[in-house]
């Protein structure tokens, strides 16, 4: 559907009862408000709907709280999970007095990033392809009270359940630590669930490809077809929503926390990127690994700004429990063809149209609109300023001698470091008014609240290490 009239015709012919308007907050979570169909007409889509922005963390103060949700009718689809027929529509957030995009709206930032590309003349389209991993548990308990702090996770797949009593017996098929990549059922216990997740995403407009079990016990990944920056961020929101919903229907619970389990692999979100112009791939050329000079400069920009990028690509305190050596996490800021230990990988392909950069340090806790936009702006800064990424590193970086390893820069070691890096290095984000300084400052304040709570809260491991000191 491309016009409000088409949406209204669809509503009538499909007996739609409600329209659900959705938008993304600065932390990356979908929010929504549902309207009875008697409220929906052409003006509903043309004029937008007012709401209170002061209730959204990181947005307006209560004395200037009015904001406007403007539906993007091209995103309209029937939500497959609601009992009453409900049309879901993704919205942009506007200033009600001017009708201009709100500077702190993540989707608005992503749209400005695409406009910025076209204004430079370097390209007309930027494609993104995220690979977001996640865990599914049968039972999760956690508490963060001053006198009772801890968590407990359970899944039928966990190796610790080898002697657990189950109704009907313990059937014994269990994935070992770091042994979960690609096994068939019954070791893979979630085949049908993942298929249902993929099917529900397709119903909501996402372009789907595949699904499989991941390395850790209870860890999974579904594949989305790459798309333009804003569309792909929209689809990743659908991806997360459908995974949460289907897991819930199965009586299970999904999480996109980067590192919920100590000692096993964490969940990453490798992000493939490429720029096109006039229907031709800008990243294909005759340089290293058949890349263009522009692509190498793009990589140079990502590596140069990686520490400030971490504030958007790895925005949780938990993100930095994944970004440690030894768990397939790409902490070293280098690039290579096919080498998965480098933070920027060039996937092998003979097809010039498939030439792309895979940035491997992001995780699924990221707000996709902000993460994709920031990665793109860093790469564009590399192209515009011809930033040399240095020589490629084709050997296994984790096997380098300590002296050589110290010469390679790394991603941040904590969210505090990432936010401090963003405070110092953000001029590249301000170009084209894509990110506004006001948003960056408010984002840092918002995330620093999380850092402060985490740093001030005693941890169970500290009791284990220090209680008897």
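Please read every residue number as a count from 1 along the shown chain.
Each residue, glycine too, has its Cβ placed from N, Cα and C.
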Per Swiss-Prot, member of 95, 100, 131, 133 binding Mg(2+) 1 alongside 270, 358: 131
Of the candidates 209, 214, the one that Swiss-Prot places in the Mg(2+) 2 site of 133, 221: 214
Between residue 133 (Mg(2+) 2 binding site) and residue 266 (L-glutamate binding site): CA-CA distance (Å): 8
When distances run from the Cα of residue 345 (ATP binding site) to each of the binding-site residues 131, 133, 360, the nearest one: 360
Candidate binding-site residues 131, 270, 322, pick with smallest Cα gap to residue 340 (ATP binding site): 270
Residue 221 (Mg(2+) 2 binding site) to residue 273 (ATP binding site) - Cα separation in whole Å: 19
Other C-beta atoms that fall within 10 angstroms of the C-beta of residue 322 (L-glutamate binding site): 23
